[in-house]
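Lifted from TrEMBL, the feature list:
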{"type": "ACT_SITE", "residues": "Asp93", "note": "active site, for OMPdecase activity"}
{"type": "ACT_SITE", "residues": "Lys95", "note": "active site, for OMPdecase activity"}
{"type": "ACT_SITE", "residues": "Asp98", "note": "active site, for OMPdecase activity"}
{"type": "BINDING", "residues": "Asp40, Lys62, Thr156, Gln221, Gly240, Arg241", "note": "substrate binding site"}
{"type": "DOMAIN", "residues": "34-256", "note": "domain 'Orotidine 5'-phosphate decarboxylase'"}
Amino acid sequence: MASQSHLSYSQRAQKHPHPLVRRLFEIAERKKTNVVLSADLTTTRDLLAIADSLGPHIAVLKTHIDIVSDFGPATVEGLAQLAQRHDFLLFEDRKFVDIGNTVQKQYRGGALRIHEWAHIVNATILPGEGIIQALDQSIRDGGISERGILILAEMTSKGSLAVGEYTRISVEIARKYPQSVLGFVSTTELSSHSPSATRDEDFVVFTTGVNMSSKGDALGQQYQTPTTAMAGGSDFLIAGRGIYAAADPVSAVQEYQKAGWEAYERRVGSASG
Ligand code: 5BU
């Protein structure tokens, strides 16, 4: 098995060639959390307030920065300060999907200047390999070592076409860009099933659609629990409404943190025991 998911985050941090993945695993271990908050709030004030109150319990804060109605320098500066204070990374769920030349401009420039503040971004391989090549080039030329890409290998919504051959090729392309591709957004661990998996490769698996109290929504979202996601080889659990829309978001994030961490310990413990 090529997957490293039987190893602890600190064991993986020690061996991993990418500085951002090392930092991510170290944060998870230090804070005992594999929760990624999907902070889909629509004003700077609400976004920063939730990032501040839940920050101590999360490893990564995921944003959709284009839904923030009053986006500006205060949004980005506030997020960067809170990421520093509470020791978490920033992941912009931008889902790039265009030709390489356009994507470079969307990543580095424009009003959002994503490359300046987001440690992690994601992209789909729908346009072909050029999109990843373009982002990889921007990262390598960008002069900031702690930047990386997650390839959108699967989606959680009903009827998703990100399956089969698309998912398989996502893994193949990921292997060609070790300096910038950190892993995948997917519902389960993918790379170890592939015939060309190498023994030491270690892709990080981020799983969206995690919710402890609902099975889905009216618009096609489909959920799994922290326990099933971790058992399927996920490394980081992305939860949005299950946490920020709960009556008490601080208690909710603590519940997800506990469930995610216990499931992780069971996985690592059962592999070594
Ligand atoms: P929710 O409130 O936990 O359902 O939010 C899920 C978040 O993850 C939301 O920001 C989506 O845009 C994002 N998402 C997803 O739900 N499913 C996917 O396959 C991908 C992203 Br990729």
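Yeah, the Cβs are placed from backbone N, Cα and C, and that goes for glycine too.
Predicted automatically and left uncurated, TrEMBL annotations should be read as such.
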Considering every residue in the domain 'Orotidine 5'-phosphate decarboxylase' (34-256), what is the mean pLDDT value?
96
Under 6 Å from ligand 1 by C-beta, which of these recorded positions make it: Asp40, Asp98, Thr156, Gly240? Sequence order, please.
Asp40, Thr156, Gly240
Taking only the Cα atoms, work out how far Lys62 (substrate binding site) lies from Asp93 (active site, for OMPdecase activity), in Å, as a whole number.
6
Could you give the Cα-Cα distance between Asp93 (active site, for OMPdecase activity) and Gln221 (substrate binding site), in whole Å?
16
Candidate with sparsest Cβ neighbourhood (10 Å radius) among Asp40, Asp93, the listed recorded positions:
Asp40
C-alpha spacing of Lys95 (active site, for OMPdecase activity) relative to Arg241 (substrate binding site), in angstrom:
19
List the Cα distance (Å, whole number) between Gln221 (substrate binding site) and Lys95 (active site, for OMPdecase activity).
17
Taking the Cβ of Arg241 (substrate binding site) as centre, how many other Cβ atoms lie within 10 Å?
16
